[in-house]
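Since the structure comes first, as structure tokens, the remarks are kept for the end.
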Amino acid sequence: MIWHVQNENFILDSTRIFMKAFHLLLFDGSFIFPECILIFGLILLLMIDSTSDQKDIPWLYFISSTSLVMSITALLFRWREEPMISFSGNFQTNNFNEIFQFLILLCSTLCIPLSVEYIECTEMAITEFLLFVLTATLGGMFLCGANDLITIFVAPECFSLCSYLLSGYTKKDVRSNEATTKYLLMGGASSSILVHAFSWLYGSSGGEIELQEIVNGLINTQMYNSPGISIALIFITVGIGFKLSLAPSHQWTPDVYEGSPTPVVAFLSVTSKVAASASATRIFDIPFYFSSNEWHLLLEILAILSMIVGNLIAITQTSMKRMLAYSSIGQIGYVIIGIIVGDSNGGYASMITYMLFYISMNLGTFACIVLFGLRTGTDNIRDYAGLYTKDPFLALSLALCLLSLGGLPPLAGFFGKLHLFWCGWQAGLYFLVLIGLLTSVVSIYYYLKIIKLLMTGRNQEITPHVRNYRRSPLRSNNSIELSMIVCVIASTIPGISMNPIVEIAQDTLF
């Protein structure tokens with residue numbers, strides 16, 4: 001009899017939960033329509049993988065790319081709509097969140113064609129790779145729109161778990177296993193630190209989890225200047241510093257970049273930074289509204305450390321992927337300037353604009369590295385010597401992307417940095433901007449060193465890798481080359497295109 005009553009209660013509780021979930025999906029599902037498209041694409045991939053004995057590779061890539069493009073289209077149709085909070089306050093849709101979601105989708109759309117030939121040549125499992133990429137993209141999109149502490153914790157964990165699996169995708173490679181282990185341990189530690197910080201926010205605000213309600217709770221409890229908030233701020237800064245690869249939480253980055261498959265590195269190098277930047281902006285700007293001076297100071301210190309450490313250590317690297325790892329640490333230091341400047345002086349618009357250019361510059365560089373690695377099997381910088389004599393198109397593409405990363409005019413990277421530094425200067429961040437300018441000059445040095453090697457390698461310096469290099473025809477259906485061409489063109493956009501991009505970015509402000 002007791003078991004029968006308990007069973008009935010369980011059925012009733014399950015029915016209530018199901019009906020509540022159905023009600024939320026029915027009335028709030030339109031707010032996550034782009035995410036639902038990706039979920040539908042994931043289900044299709046799983047169905048095809050489980051029902052078909054022979055994998056139709058082009059069809060799998062078509063489904064993945066189509067779901068990403070359709071999700072981008074859904075975002076564009078929703079542009080300029082009124083901000084809305086859905087799912088009982090867990091998720092918020094506004095222009096600011098949506099443009100970061102657009103950037104994440106753009107990264108994934110460019111990374112999938114960049115990975116096609118690499119996966120086929122290395123004979124890795126294709127369906128699982130696409131599932132992990134789409135799931136990580138989904139986690140990043142939910143993180144951009146997260147409006148409460150639980151979603152802010154769960155969404156990056158969804159992204160991180162897929163990132164761990166992708167970084168160790170080449171299971172027989174010892175370096176890949178080492179990279180995955182370090183990434184997993186450091187990621188778990190940073191997540192624990194974030195949860196500890198959230199517990200301080202939760203307790204200090206009187207049990208609130210929504211971002212805006214936390215602010216109201218801190219006002220009601222008079223705890224907005226308490227030591228607990230300072231502790232939460234420090235722990236959140238450390239946790240987000242890991243996600244963004246900010247010094248001194250950057251130690252995992254070079255090892256993961258070097259050990260992971262190159263297309264995976266290309267994907268992680270941009271999507272993780274875009275998603276974490278969106279989340280950091282909202283967390284610092286809303287719950288820590290009353291501690292703006294404190295978190296400004298903390299981020300300034302981390303930005304300076306990242307710009308100096310990243311660019312100085314990059315000079316000494318012999319591996320192309322490790323060099324780009326340290327370069328990305330310096331690059332995120334520039335992005336932090338936009339977060340510190342904030343809404344008042346166009347900081348968010350400059351940050352978004354620079355991130356758009358950074359995506360094209362970084363993915364273009366990695367596309368060149370993937371092509372060179374597939375044709376030579378090496379990642380050493382010295383092995384690029386004299387590449388121009390064998391493949392001028394690839395050498396010029398790599399040179400343009402590197403020059404744009406360094407910020408030389410008239411390439412896109414120059415105008416992106418110029419606008420970012422100008423906004424920082426107007427906001428009074430003189431020392432931070434000066435450090436940014438000096439470290440940009442340092443970065444130009446090691447980029448030019450590689451370009452000199454590409455163009456002027458003497459015969460005695462050319463390694464067997466380049467001597468035996470097989471150049472592909474100029475017109476090719478190679479998906480990596482197509483992705484590379486798109487990124488190179490976007491990296492060389494002249495400054496005349498800056499104004500419309502900045503104006504669009506201005507519409508994303510709170």
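Positions of Cβ are set from backbone N, Cα and C atoms, glycine also.
In Swiss-Prot this protein carries:
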| type | residues | note |
| --- | --- | --- |
| TRANSMEM | 24-44 | transmembrane segment |
| TRANSMEM | 57-77 | transmembrane segment |
| TRANSMEM | 99-119 | transmembrane segment |
| TRANSMEM | 124-144 | transmembrane segment |
| TRANSMEM | 149-169 | transmembrane segment |
| TRANSMEM | 183-203 | transmembrane segment |
| TRANSMEM | 227-247 | transmembrane segment |
| TRANSMEM | 323-343 | transmembrane segment |
| TRANSMEM | 354-374 | transmembrane segment |
| TRANSMEM | 395-415 | transmembrane segment |
| TRANSMEM | 418-438 | transmembrane segment |
| TRANSMEM | 482-502 | transmembrane segment |
(request) Would you mind listing the long-range same-chain contacts of the transmembrane segment (124-144), meaning Cβ under 8 Å and 6+ residues beyond its ends? (result) 34-35, 38-39, 41-42, 45-46, 48-49, 55, 57, 60-61, 64, 67-68, 91, 97-98, 100-101, 104-105, 108, 111-112, 115, 151-152, 154-160, 162-163, 165-166, 169-170, 261, 267, 271-272, 274-276, 278-279
(request) Mark yes when the transmembrane segment (57-77) and the transmembrane segment (354-374) have three or more Cβ pairs under 8 Å (sequence separation 6 or more) and no when they do not. (result) no
(message) Under 8 Å between C-beta atoms and at least six residues away from its ends: which parts of the chain pack against the transmembrane segment (227-247)?
(response) 156, 186-187, 189-191, 193-194, 196-198, 200-201, 203-204, 218, 253, 272-273, 276-277, 279-280, 283, 288, 290-291, 294-295, 298-299, 302-303, 305-306, 308-310, 328-329, 332-333, 336
(message) Let me spell it out: take the transmembrane segment (323-343), skip the flanking residues so only those 6+ beyond its ends count, and list any with a Cβ under 8 Å from a Cβ in it.
(response) 244-247, 250, 253-254, 256-258, 265, 269, 273, 277, 280-281, 284-285, 296, 299-300, 302-307, 309-311, 313-314, 317, 350-352, 354-355, 358, 362, 365-366, 369, 381, 405, 417, 420-421, 423-424, 426-427, 429, 432-433, 436, 439-440, 443, 446, 450, 509-510
(request) Go through 99-119, 149-169, 418-438 and flag the stretch with the largest number of C-beta pairs under 8 Å relative to the transmembrane segment (183-203). (result) 149-169
